[in-house]
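To start, the structure under review is shown below, and the notes come after it.
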Amino acid sequence: MNLKVLTMAECMAEGRQPEILFWVGSAGSYDDRAKKITKAFVKLLNAANIDFAVLGTEESCTGDAAKRAGNEFLFQMQAVTNIEVLNAYEVKKIVTACPHSFNTLKNEYPSLGGNYEVLHHTQYLQQLIQEGKLKITNNTFKGKRITFHDPCYLGRANEVYEAPRELLKELGVDLVEMKRHKRTALCCGAGGAQMFKEPEKGDKDVNVLRTEDALQTNPDIIATGCPYCNTMMTDGVKFKEKEADIQVLDVAELLANNQEL
Amino acid sequence: MNYLPNILFAIALVIGIGYFVRNVQKLIRNIKLGKDVDVSDNKSQRLRNMVNIALGQSKMARRPIAGFLHIIVYVGFVIINIEVLEIIIDGLFGTHRIFSGIGSLYGVLIGSFEILAVLVLVSVIVFWLRRNIIKLKRFWNSEMTSWPKNDANYILYFEMVLMSLFLIMNATDTSFQAMDSGNIISQYIAPWFSGFSENSLHLVERTAWWIHILGILVFLNYLYFSKHLHILLAFPNTYYASTKPKGQLDNLESVTKEVMLMMDPNADPFAAPEDTETDDVPEKFGARDVTDLNWTQLLSAYTCTECGRCTSSCPANLTGKKLSPRKIMMDTRDRLEEVGKNIDANKGEFKDDGKQLLGDYITKEELWACTTCNACVEECPISISPLSIIMDMRRYLVMEESAAPVELNNMMTNIENNGAPWPYNQMDRLNWKDE
């Protein structure tokens, strides 16, 4: 199936404003694993006939990792540049599959002049289902044991706990919670720019501990809502040599796979 | 001669309260060493936070056992203060149980104090057992040796003694026992003293009474030196804590000015900065020492109770890394105290002591281990954010010292050059569409 993806520039050339901007993010654009999440989400948007666009080559890193590494200059340079582009296209509503982009766009861009309605893709997909635009017709995952790993920047940072869980319930899965979940969820170990460096010396890596949390629920699938969490949990599952039994999938991938998109 | 006890009491009271006030002034001065920060927003939300979190103890109850016991001790502490008021009036004017004139209500009051005293005593003993016998892990971390460990136990001993004295005082007060109203617990203690003469009974009662009130005055003054300061500071700390989403970091205004200037196509690159602006330019970006932090962060350092809920939920700490959010707060307080003493010793002026918070107290290794996951902030029962201090110190490391780990420097160079943390061409950003 061909993906139908327009850029903001193309929409502008057609003289129209799309309903939403899909902020793909750096991981979603370049990381091989995360690209699958990006495509799954686009398939869902296409299936629901959503009028959306991406910035494409005009998108740049939100600056989240730079800011959390302490480089406020670089962050603000990124932010101001992105805001100029977003404002030039008169963007009102942004959806993103990356909780780090979500948090930054939603909370840190406003004081620099970027005011948008920002949704995480799980929130948006939940809306589409509620509005009847996206229909769950298959039951591929019915009864599968699935545990959801809360991304810090979606959960604790912005208190979005229910949207991804509601989507999983729509699929009729057997949702099993880890001992540490929602506000007590353990970090995957990638936040705060840790994704881009070796961890400090310790007894074990954070993603391994978090994977152990997940494995205790004896799941068929570990569901995530963040490209970084996805990488970390996938690595953790490999470390535990469980990759033959347990899949790590983004909620959007679960929905798209369910619909055989 | 008859007035001697009253005079002694008044002197003890003046010394006790006077010393406390002096230390509170020092405390306020030290907190004000921090940079100013605007906390005038969201007044109603702030008030709600204070009422729910500090007064209502809402976050304490998240760990049910400690939460329940803590609420008992807290309620006991607040309510027994009515009794302290009576003791102060009696002590100053030589009266005896001045409030007993209110009739049967007095019995109800004292009765409930006695029950609370026993509950507090039991709770404090359980707390002691948790720390010293069960040895809960978070009370035995590396930062919990020497003073922090002793401090916690001293507080528990203080409370045990004060509660016991209160009960003994009531049990040996013959006139109170004769009233047979409100002596719910003490009536069972009274028989322990049945062999005592009236005189020695009176002596025991007076001794318990005096040690009780002197103990309270000593305890009041112990606060300043102890983590027990949280009983006062939890209130302002929850009020002044951030009301923003936890993921939101502040955008440094000083940086915004520079960035806007850099991005402004009309700006003259050779223009000298205007004189009016020079005042606004901060000495440095980020925080190297306590005086670079803002005053709410310093207030938090004094408020920290060292309970370790932050550290026990920190992913870095759980995986054996050096970072402990509690230690960040304890280090900040220790350094602030050191700076305060330096100022006292140098007649109100800080003389460089060759030390700073960064490096001498908090190491880079700790700072770089943080995943900014907010678990510590979420867990803190009194709204402290160790993360905000970690972030400010990272900012100093990166923007002032260019001392980020090599891999992070690579990541930042990539963002600068390619608009992504990885070295890919921005022109390839939409390639996924056709892959």
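Here, residue 1 is simply the first one shown, and the rest follow in order.
Any Cβ shown, glycine's included, is placed from N, Cα and C.
Annotations in TrEMBL come from automatic prediction, not curation.
For reference, TrEMBL has these:
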| type | residues | note |
| --- | --- | --- |
| DOMAIN | B:295-326 | domain '4Fe-4S ferredoxin-type' |
| TRANSMEM | B:6-24 | transmembrane segment |
| TRANSMEM | B:65-85 | transmembrane segment |
| TRANSMEM | B:105-129 | transmembrane segment |
| TRANSMEM | B:154-172 | transmembrane segment |
| TRANSMEM | B:207-225 | transmembrane segment |
DSSP helix/strand/coil residue counts for the domain '4Fe-4S ferredoxin-type' (B:295-326): 20 helix, 0 strand, 12 coil
Winner by Cβ pairs under 8 Å against the transmembrane segment (B:105-129), considering only B:6-24, B:65-85, B:154-172, B:207-225: B:65-85
Rounded mean pLDDT within the domain '4Fe-4S ferredoxin-type' (B:295-326) lands at 96
